[in-house]
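Comments concern the structure below.
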């Protein structure tokens with residue numbers, strides 16, 4: 001089959017925006033699906049890749065989908081910049097029936113399968129469309145039938161209709177944040193987007209992952225105020241920086257007691273999510289209320 005734009009299901013209006021519903025044929029029904037969001041540069045790809053490894057070490061069959069045009073979500077797993085779905089399709093003039101799975105799926109560390117959706121050139125096209133077509137291509141090649149866990153690593157904190165598209169496929173959305181004003185402010189906007197999407201889709205907030213932070217006091221205070229919970233805490237350790245330079249996951253680095261505490265935390269997070277994290281019924285703050293709420297007296 002060729003990949004083509006299908007007629008969208010009826011359009012709904014949600015709080016002043018147009019939302020196109022998910023085609024029921026494109027639902028991911030055979031795996032637990034997590035979408036990882038957070039402020040740009042907060043460490044979503046690091047978190048996603050190490051979480052994927054943790055799931056794989058639980059014996060799960062894992063697929064990680066990078067949803068950033070930079071296509072750098074999975075390089076610590078694959079040790080290279082994987083070809084994107086868009087690159088693969090362009091190579092066959094968008095005749096998807098000519099593609100083989102190995103043209104766009106790369107097996108990474110500990111058997112984690114990796115896909116980089118890629119995206120249109122900067123300032124053109126819709127990244128969300130690319131994500132949707134990636135899922136369709138995976139289904140056409142029956143690659144989701146042998147998968148237990150799908151992890152979407154989503155671009156920055158963009159919550160437009162395009163890059164909110166992984167929420168249409170996800171069971172749980174996870175938010176990566178640091179213990180600072182900018183990260184929590186971005187988290188609140190993501191909570192608002194997920195709150196809106198959950199009215200029409202099955203996605204629910206799974207919780208918050210504290211990253212690159214010595215403490216979690218501001219995160220915990222915000223969580224208590226809006227109805228979120230912290231699932232894990234990963235401090236800002238130099239081994240994280242070194243693992244990225246080495247193009248490796250934390251599970252591949254030279255073991256130390258400090259590093260073991262981090263990998264154990266990832267394993268605990270994977271176990272919690274696999275067991276089924278209860279949804280958080282969070283209600284976002286108004287921007288001005290949050291501005292007054294955060295910080296010290």
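Cβ atoms here come from the backbone N, Cα and C positions, even for glycine.
Residues 41, 42, 43, 44, 45, 46, 211, 212, 235, 236, 237 are recorded by Swiss-Prot as ATP binders, and the candidate that the same record lists for that site, out of 60, 70, 197, 199, is 70. Across 41, 42, 43, 44, 45, 46, 70, 211, 212, 235, 236, 237, which the record gives as binding ATP, the greatest C-alpha separation is 26 Å. Counting every protein chain shown, the number of other Cβ atoms lying within 10 Å of the Cβ of residue 236 (ATP binding site) is 13. Cβ-based crowding with a 10 Å cutoff singles out 212 as the top-ranked of the binding-site residues 70, 212.
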